[in-house]
Amino acid sequence: LSLPLSVSLALSVSLSAVADPSAEDGKKEKKEVDPFVYDYHSLRICGLVFGVVLFALGILLILSKSSYFSRKCRCSSNQEKKPKAPGDEEATAETLIVSKAKEPEPEPEPEAKAEN
Amino acid sequence: MGDKDGKSSPSKKNKKGKDMDELKKEVPITEHKMSIEECCRKFNTDIVQGLTNAKAAEFLIRDGPNCLTPPPTTPEWIKFCRQLFGGFSILLWTGAILCFLAYAIQAATEDEPAGDNLYLGIVLSVVVVVTGCFSYFQEAKSSKIMESFKNMVPQQALVIREGEKMTINAEEVVAGDLVEVKGGDRIPADLRVVSAHGCKVDNSSLTGESEPQSRSPDCTHDNPLETRNVAFFSTNCVEGTARGIVVCTGDRTVMGRIATLTSGLESGKTPIAKEIEHFIHLITGVAVFLGITFFILAVCLGYTWLEAVIFLIGIIVANVPEGLLATVTVCLTLTAKRMAKKNCLVKNLEAVETLGSTSTICSDKTGTLTQNRMTVAHMWFDNQIHEADTTEDQSGASFDKTSASWAALARVAALCNRAVFKAGQDQLPILKRDTAGDASESALLKCIELSCGSVKQIREKNKKVAEIPFNSTNKYQLSVHETEDPNDNRYLLVMKGAPERILDRCTTIIIQGKEQPMDEEMKESFQNAYMELGGLGERVLGFCHLLMPEDQYPKGFAFDCDDVNFTTESLCFVGLMSMIDPPRAAVPDAVGKCRSAGIKVIMVTGDHPITAKAIAKGVGIISEGNETVEDIASRLNIPVSQVNPRDAKACVIHGTDLKELSQDQMDDILRNHTEIVFARTSPQQKLIIVEGCQRLGAIVAVTGDGVNDSPALKKADIGVAMGISGSDVSKQAADMILLDDNFASIVTGVEEGRLIFDNLKKSIAYTLTSNIPEITPFLLFIIVNIPLPLGTITILCIDLGTDMVPAISLAYEAAESDIMKRQPRNPTRDKLVNERLISIAYGQIGMIQALGGFFSYFVILAENGFLPSILVGIRLNWDDRACNDLEDSYGQQWTYEQRKIVEFTCHTAFFVSIVVVQWADVIVCKTRRNSVFQQGMKNKILIFGLFEETALAAFLSYTPGMDVALRMFPLKPSWWFCAVPYSVLIFVYDEIRKLLIRRNPGGKWLSLSLCITFRPESCHEICICNFTHKSLIDTKTRKLSNASLFSSPTLSSYRLGGKGDILLSDGYRLYSYPYIFHLFLPPFIPSLARHVFRCPTP
């Protein structure tokens, strides 16, 4: 499911890797010829490619509903959010103790279900 | 109330204020005390013939049509202007005007004025107009939904004029008309009943009484609202027929007065509007301070007055956060959309946040907290109270149905019952089906249908032979049936009615299906059961039957019901059934959540105190263990006057008592009692209660569905009406509508409101931060005469371009802590934007950002040959068009055009640097207390924002033609990284700051977020503890109350329908209202497991 994202990530990394050195290379080559002239044309192209890739990445991120991110979000809203509550430090300590005295605790649940 | 009016009226000046006070007083109807003849004389009408047509026409012209004047609607253009010039827009308009002013000065003094100020002014105006249109259309959308609620069907009325019955439009009814109503009709005007046959009206929308009230010609009470001989406009006649003289029409009716009162009330500013105002004051203060300071500096530095004025204006305008208006609007809209998805329709964008600030909820009972349908709640047979399932979805527990007594009771209830299901509803669930007949009979019908199958079949098997319908003198209803067994020729007599009357006629009682003589002991236990059920606010009916001896009543016996020729004595008592309008399933949980969110929930109802109190206990508005003064008195067996009112946390106040309270006493009650129920309140009193709460500084939400709630709904900071059951008037008056009538949606509203408030804070902090790197270039340009590091266009690109998406994305940020566990914000102390936020944004992060920007500015200029040392003071030459040989540090000469290209490249680099530092800023602004590592980066929109922001910056810099259009030039890759160290610095700096805040509790944040911790010894204890809402008190003190002391086995057996007293350590019975358990334990416990324990789900 996270395939499109990872692919696009890899793509972007490689692209930017291509983009930057090429700019640097161009700069060096020209520098030997004339340090006061700069290849703005290829710079523009690289910059635009960089922008397009970023833009596409962003759009992909928004559209990837079933991606790694949103799934994590959905779970978190149910379970992970709570431990983030204030008094967290104490709470974690308590859960440890509670889990020790866990035997009586599952009882209310089945009862509730029975009534449902 | 009188003195209330006396105090408030002098402050209000004109006639209108007086009218309002007049409307706040009680209803002036007196006709109910007159005899019918007097009444006829007063209206020149005849009791048989009715009005003449000519008279009616004359009255119609005199009084106007019988309809409510619709509330004055604001013209669309005024609404639009309000969007255009309200709140935040003012700031931007001022900015725009200042810009134009500055441009005008420049144009007048310079030959070739720079267009910057003109453009800025135009852009500011465009931003305001576009955002204004946006929010206008947003609100127009919700008002369109509102329109669809309007009920357009014209009402008809049956009047008698000149002795002839005629059906006319209800609008044409005039005072004095003789009107006939029958079951199912809407009452066309306020009527003085002159004759009635079993007439019952449903006054719930006016008075809040769930039960239909019978109407008769006799005056039974001085109060017109209580008396039986007045029927009110727009209430419904449920059954029977009645004839009455119209006493009031249109706006003069009781309903009309309430509607007029409602539309005359003016609701104050929303809390968020006040916050924005405060924010504007702060921002203006900062802007003016900076402006004046630099104006003085500029004058001292030798600039001309006009130049200094332009600088002044420039600095003030630069302080205006151009993008913030749009950001705030979009954030609020997003929340409104999210709430609409959860069935909360918000009429006014600003009201989105109000529920989040709410500290008091005044809730109506009927239809809001309760289902507004009578339901069988308890039964008493076999000398035991059994409870029926009252939940809407039949998820509650049931009772033992195997007893023969129950079969007998069910048979009596099914047979001695005239209610029937309306045809064609077989596929609907039983509880949803419509019935024809009395509310309590319908309740019995549904109850029997649910537990014993088709009532129709039972009735077919037991053919009815004779029947005496209910009347108020007998107080019973009786019918005679054939028995099911065709070989049994006896007749079965069944009777139901007022329990004491039924008992009087009984000599035996059924226990476990066997008849036993009724002894004193039995009678006593009957009394106890009757008292107990009555004490629950339930309406109790008694049932008895008799198999008539065949020798006296042989087959074919002619039963005469008018002249009763058969025995109605020495019957066999079967049992009691009691009915109540039960609470909605989701309400107790919602009330509990509101409580834990620090919101006080007050019940304000028109219903009777006993019922109100029972429901209040049922839904947790009065939590278990809390007693009223009366409870304490009866427990200790002392008179009420001896009880210290401070001992009682709960109180039930009757409307008539409320009338006599002074303002101070009222404040005292509202302040000192945490759990308040107001019963028998009139609409005017509801309004006064809301005003009382507001006087104490609370932000008040009112929920209600009836017309009687609408003045309070309007007056409240946020009125919440019910979408399905709510009346039109209440929906008009409300700010928010719960489309599914689910009270629990209020909790969603509170949650979303609090979240958006927090997130708006973050958005604003983020947006404001970039103001500093935007202003400082201009300041340095003035003070040290360097070439301008950042131009107006680039500033706009940041404010309206790159900053937008990240700022909006902060609206999607998840809450940092459990927002439903902290107290509501204090409107006087917890501001949306306070000095602290400004100091962090401007003074700390903003300064680092400015450093980053200047660093890249100096780097670029240095790479081009202008070392920083040469820059100071270079401005005059730099900006001089005539100077085409300006030398840099290396002696190269620069023409004006060349210099400008470098300058604009610097602008671009500064712009990109701001984008880079804003990366860190948005991550830093995500949280206000937690570390980003705790919070995580789960906000997809925010990551999207980071990408888009950067992409936009790249586009702006590299797209061909940008150098001409926006004067932005391509940057070398290395220049992008100039600001990165500063970005890192911001991140590290703020993480350390937050760490310090977390390490040193006692700041505002910690005191806000209540630490909820429980003792972990036993989960059960805590379940109950929380369930009874005592947890709030307990968790603060970290002590578990005595409520925790009963053991789980007792509880479980109890919940499963067993009978066991739950005893507390000090010997109180915890629950005298056992059905409550069934109602809200099931939904509560799983949520508890999540909320409180954080134990792994099984």
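In case you wondered, yes, glycine gets a Cβ from its N, Cα and C as well.
Cross-referencing B:491-511, B:764-784 with TrEMBL places the feature transmembrane segment at B:764-784.
Counted over residue pairs 6 or more apart, the CB atoms of the transmembrane segment (B:279-304) and the transmembrane segment (B:118-137) come under 8 Å in fewer than three pairs, which marks the two as apart. Mapped onto DSSP helix, strand and coil, the region 'Disordered' (B:203-222) counts 4 helix, 2 strand, 14 coil. Only residues 6 or more beyond the boundaries of the transmembrane segment (B:764-784), in the same chain, are considered here, and those with a CB under 8 A from a CB of the stretch are 279, 290, 294, 297-298, 301, 303, 311, 314-315, 318-319, 321, 323-324, 327-328, 790, 795, 798-799, 803, 806-807, 810, 832-833, 837-838, 840-842, 845-847, 849-850, 852-854, 857, 872-873, 875, 910, 913-914, 917-918, 921-922, 925. Mapped onto DSSP helix, strand and coil, the domain 'Cation-transporting P-type ATPase N-terminal' (B:30-104) counts 48 helix, 1 strand, 26 coil. Here the transmembrane segment (B:790-815) has long-range neighbours at 116-117, 119-120, 123, 127, 318, 321-324, 326-327, 330-331, 334-335, 754-756, 758-760, 762-763, 766-767, 770, 773-774, 777-778, 853, 904, 907-908, 910-911, 914-915, 918, 922, 925-926, 935, 938-942, 944-946, 948-949, 952-953, 956, 966-968, meaning same-chain residues at least 6 beyond its ends whose C-beta is under 8 angstroms from one of its own. Cβ atoms under 8 Å from those of the transmembrane segment (B:836-860) belong to residues 282, 286, 761, 764-766, 768-773, 776-777, 780, 789-790, 868, 871, 902, 905-906, 909-910, 912-914, 916-918, 921, 924, 975, 978-979, 981-983, 985-986, 989-990, 993 of the same chain, restricted to positions at least 6 beyond its ends. Sequence-remote contacts of a segment are chain residues at least 6 beyond its ends whose Cβ falls under 8 Å from one of its Cβ atoms, and for the transmembrane segment (B:941-961) they are 797, 801-803, 805-806, 808-810, 812-813, 908, 911-912, 915, 918-919, 922, 926, 968-971. Residues 88-89, 91-92, 94-95, 98-99, 101-102, 105-106, 117, 120, 123-124, 127-128, 130-131, 134-135, 138, 272, 276, 283, 286-288, 290-292, 294-295, 298, 303, 349-350, 352-353, 756, 759-760, 763-764, 767-768, 771, 774-775, 778-779, 782, 795-796, 799-800, 803-804, 807-808, 810-812 of the same chain lie 6+ residues outside the transmembrane segment (B:310-334) yet bring a C-beta within less than 8 angstroms of a C-beta in it. Taken together, the residues in the domain 'Cation-transporting P-type ATPase N-terminal' (B:30-104) have a mean pLDDT of 85 on the 0 to 100 scale.
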